Amino acid sequence: MPPYNRPLSFSERRGAVFNEELSLNTHSMKLSQQRPRGPPTPSMSTPAADFEQVTGSPPPPPTPAASPGPSHSRLNWSNAGEDEEAYLSGLRKYFVQCNGGQRTRLLADLLNLCTSGQLSFVHQFVSPLLKKDPFTTLPDELCLRILSFIDDPKVLARASQVSRRWRDLLSDDMTWKNLCMKHDYQRRLSEVQPPIPLTATAGPEAHPFGQQDGDSMGQGGSGALTSTSLPAMFEGSGNARPLLRSYKSHFKQRYLVDAAWRAGGHNVSRNITQDGGVVTSLHLTSKYIIVALDNAKIHVFDTDGNALRTLQGHVMGVWAMVPWDDVLVSGGCDRDVRVWDLSTGACLHTLRGHTSTVRCLKMSDANTAISGSRDTTLRIWDIRTGLLKNVLVGHQASVRCLEIKGDIVVSGSYDATAKVWSISEGRCLHTLQGHYSHIYAIAFDGQRVATGSLDTSVRIWNAQTGECQAILQGHTSLVGQLQMRGGTLVTGGSDGSVRVWSLERFCAIHRLAAHDNSVTSLQFDDTRVVSGGSDGRVKVWDLKTGNLVRELVTQGEAVWRVAFEDEKCVAMALKNGRTVMEVWSFSPPAEMLQERSMLPPKRRLDGGPVPDRPLSAFSLDYRGPDSASGIQDVDMVDAGPSTAPLQQTGSTFFHDE
């Protein structure tokens, strides 16, 4: 039997990798020709993400390590001998006087004598000293360029906790501006400045076919689409929140709201009636939730769902209404059009003239309302004086829907035609013929008209020429819901499907099997589509991907109407034989939106010398009153891939010179 050979110890294995001439030991040792290898570096794993990844964004980079610093504990000298310090002092003096080769040989010999525990201590002591923070040596511009490639806000938030240097870099607003662009978080100037008081709009004769901002909505039933074009913040609002002063605070607010839409928010339910009355119209404004029913009553709530007052005056069902600030215009089966003061509940005017049910209502400005009726006419009213201004005659059957942009009103009728009218001239400009059955919904953006019909098709018309540009087919039943926004059209039908169309290519982008029965309500914005159906469900869809985000209402017998804005959603449903209003709020808590300065005191912007930072990092009020021209919506340009270079322009986002 061969003799037993004791395996080499760890210290002996470590010493075997050095050449004999580098060793200071007196005993001889057989050298092997192995390649030197240092102690293994412990791997730093990235913690698992505890949040949903934004669609289309790359996986987050590893969480940055802590900055180099004196993290090791002090050595224990309590059991040191009296002569130990003298020996160490002499050794230090010798080491300082040595050249590079002598130091290397000395360290190698000392390490060969160490145990594994002592080598572990050396590794822990040396590793932080070898780390280098690149942001401490690179210029600010290059550091910000590196940070611009990070798409995940939580990675940036964690990185800001690494060190003061990292925190200062991530407090620069340019990084968060780029992130806003990547996530399509458009920003309104009204969010960073107090809004200018609204004044009466220009007369309807201005810009008859001008380009119009915003979106055009059309719905069957009673035109029960919400008016969401008013600023979210206004003077006197009980829900006013701190003004957003930076892109970082804006991004945080939008990110939290989107997260709440995906999985969060809180809702409040209110019983409206005990007998299951039909909700004919619903509007959500910046101040009110307004609900009209077929029992002749109009209920007014604040935006939290608390009842304010009930408007009573109609003697039959209310089938159409439209709000404008604190004024509401309503019409119904009693053939009257009534003007209400929402702040007091008083009826200001009763406008008579129609000979049948008022089926649709819109307002062109603060003083002008237009009503469409089953008597085939449209009437133009001055709601300030209560006088009739004009009657538009031409349809051969009930006027079912209408839309207004500037001086132009378009109407859809059961006679299978749509008409384009001039409000100022009181005459028909074009008759849009092509449908084979009743028109139930219409949308108008100032240039294009979209009509939905009982013949299952959607037609796109040129409002200036009256020419049919496209026929969109795919629905298998009545198309009763339409909304047009920019180059996108969303339709809902009685077949339960929701379709998203491109108005540039006139083709379907998404085909959503949304509901088991008719789509009763539909609305979308730049991010999401919200649909309600007679199957009792309210669903939220991602506009870009077409994926189902969540279901807000699942236990209803039917959903009458749905309306939403950025941080609020209202659904009117039938549950257990009762008409119920559910108010969903997705607003983040106010304390989460409070801006906390991330700068050291010496770099604050409230006085002293101007910090050496890009101008984009400063709050808006630092630039002076002339830096922004008026309150207007500013659309960001589309950002390219995260690896694309940033586009340089001559002016900043706030139109600075």
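Residue numbering: from 1, along the chain as shown.
Glycine is treated like the rest: Cβ placed from N, Cα and C.
What TrEMBL records for 1-77 (among others) is region 'Disordered'.
Annotation comment: TrEMBL describes 22-35 (among others) as compositional bias 'Polar residues'.
Sequence annotations record features per position, and here TrEMBL assigns compositional bias 'Pro residues' to 57-67.
Residues or ranges marked as domain 'F-box' in TrEMBL: 132-179.
The region 'Disordered' annotation in TrEMBL covers 198-221 (among others).
Residues or ranges marked as repeat 'WD' in TrEMBL: 311-350 (among others). Within its own chain, the repeat 'WD' (311-350) is flanked in space by residues 198, 221-223, 227, 230, 278, 280-281, 283, 285, 287-288, 290, 292-300, 356-363, 366, 369, 371, 373, 379, 381, 383, 386, which lie at least six positions past its ends and keep a Cβ under 8 Å from the stretch.
Feature annotation from TrEMBL assigns repeat 'WD' to 351-391 (among others). A Cβ distance under 8 Å defines the sequence-distant neighbours of the repeat 'WD' (351-391), meaning residues of its chain 6+ beyond its ends; these are 200-204, 222-223, 319-322, 324-325, 327, 329-333, 335-339, 397-404, 406-407, 409, 411, 413, 415, 421, 423, 426.
Annotated repeat 'WD' per TrEMBL: 392-431 (among others), in sequence order. Averaged across the repeat 'WD' (392-431), the predicted model reaches a pLDDT of 94.
Residues or ranges marked as repeat 'WD' in TrEMBL: 432-471 (among others). For the repeat 'WD' (432-471), the DSSP-based tally of helix, strand and coil residues reads 0 helix, 23 strand, 17 coil.
The annotation repeat 'WD' is assigned in TrEMBL to 472-504 (among others). The residues of the repeat 'WD' (472-504), classed with DSSP into helix (H, G, I), strand (E, B) and coil, number 0 helix, 20 strand, 13 coil.
Positions annotated as repeat 'WD' by TrEMBL: 512-551 (among others).
Feature annotation from TrEMBL assigns region 'Disordered' to 600-657 (among others).
Per TrEMBL, compositional bias 'Polar residues' is recorded for 644-657 (among others).
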